[in-house]
Amino acid sequence: MARKKIALIGGGQIGGVLAQLAALRELGDVVMFDIVEGLPQGKMLDIAEVGSVDGFDCNLKGTNSYEDIKGSDVVIVTAGLPRKPGMSRDDLIEVNSKIMTSVAEGIKANAPNAFVIVISNPLDAMVTLCQKITGFPYNRVIGQAGVLDSARFKTFIAWELGVSVKDVNAMTLGGHGDDMVPLVRYASVNGIPVMELLERKYKDKAKAKEVMDAMVKRTRGAGGEVVALLKTGSAFYSPASSAIQMAESILKDQKRVLPTCAYLNGEFGVKGFYVGVPCVLGENGVEQILEFELDAEEQAMMDKSVAAVKELVGSMK
């Protein structure tokens, strides 16, 4: 049986981690594209040379030609400028829109049957632009945001409660920005509501809410927290791991339920926009969007987040 093929567009920090993770998990052969001559070739050679050490068998190739992504099953797009301290994701829209336009044209011409996972920021606008230019079906063009935002939320909960992050279940909805919606009501530790555990820990409902509010705020600003600490770039380990989880679910038809930036056609009261919602990801890309009832407070936050997405998308020239 022929191996699957994964194409990575962008040879920066995220691209390098993506290539290594794809190889370690043996998801298929991997090709990395970048416009900088020598950069993708060097990174892929570096990773390939430890195949005997890490125990993986796959073909790794770096290239400066879009022709080499032909036959790809999944394309993951990281190309674009990263944030610097003091910048929001939205500040990148003008320059990264130009980059995404070129990238999407390259994908359309050379990998017309691929599933596309966009990581580039501002995410909600970039995935919208990518789908528009490629013309691919909505189920085949998605964005990575919710898996990472949810992972950050889970991490902060685990640290606060002193439990394994493996036992924490939590999710965010909405756009990939300061108005994202961490779902407090559905956060649990092995089925036990997190708010109940916080109330027992602090023996004070007001204090428990204060602690949760702080975790929600930190989740919303988590990407900026990393940017401020690094000073020269943005997060790259966590976005790469999150995108690989999505790609693996598609390539292996795992049907994982993952928060995904997906095109909505009336779900959650949103029509005609890409927004983060729980999706079943399988061999057909987005196979289901799992809709559920939001309470009044959650709906208000979701409406605010969607409004921010609409404004962002509308600002693209």
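Here, residue 1 is simply the first one shown, and the rest follow in order.
Note that Cβ sites are derived from N, Cα and C of the backbone, with glycine treated the same way.
Not measured: the values here are computed from a predicted model.
The NAD(+) binding site annotation in Swiss-Prot covers Gly10, Gly11, Gly12, Gln13, Ile14, Gly15, Asp34, Asn96, Ile119, Ser120, Asn121 and rests on sequence analysis. All protein chains considered, the CB of Ile119 (NAD(+) binding site) has 29 other CB atoms within 10 Å.
The DSSP secondary structure for Asn121 (NAD(+) binding site) is coil. The feature substrate binding site is assigned by Swiss-Prot to Arg83, Arg89, Asn121, Arg152.
Within 10 Å of the C-beta of His176 (active site, proton acceptor) we count 30 further C-beta atoms, all protein chains included. What Swiss-Prot records for His176 is active site, proton acceptor, and it gives sequence analysis as the kind of evidence.
Most other Cβ atoms within 10 A: among the binding-site residues Arg83, Arg152, that distinction falls to Arg152. Taking the Cβ of Gly12 (NAD(+) binding site) as centre and 10 Å as the limit, one finds 22 other Cβ atoms among all the protein chains shown. Residue pairs drawn from Gly10, Gly11, Gly12, Gln13, Ile14, Gly15, Asp34, Asn96, Ile119, Ser120, Asn121, the listed NAD(+) binders, are separated by up to 17 Å at the Cα level. When the Cα of His176 (active site, proton acceptor) is compared against those of the binding-site residues Gly12, Ile14, Asp34, Arg83, Asn121, the shortest separation belongs to Asn121. Around the Cβ of Gly10 (NAD(+) binding site), 24 further Cβ atoms fall within 10 Å across all displayed protein chains.
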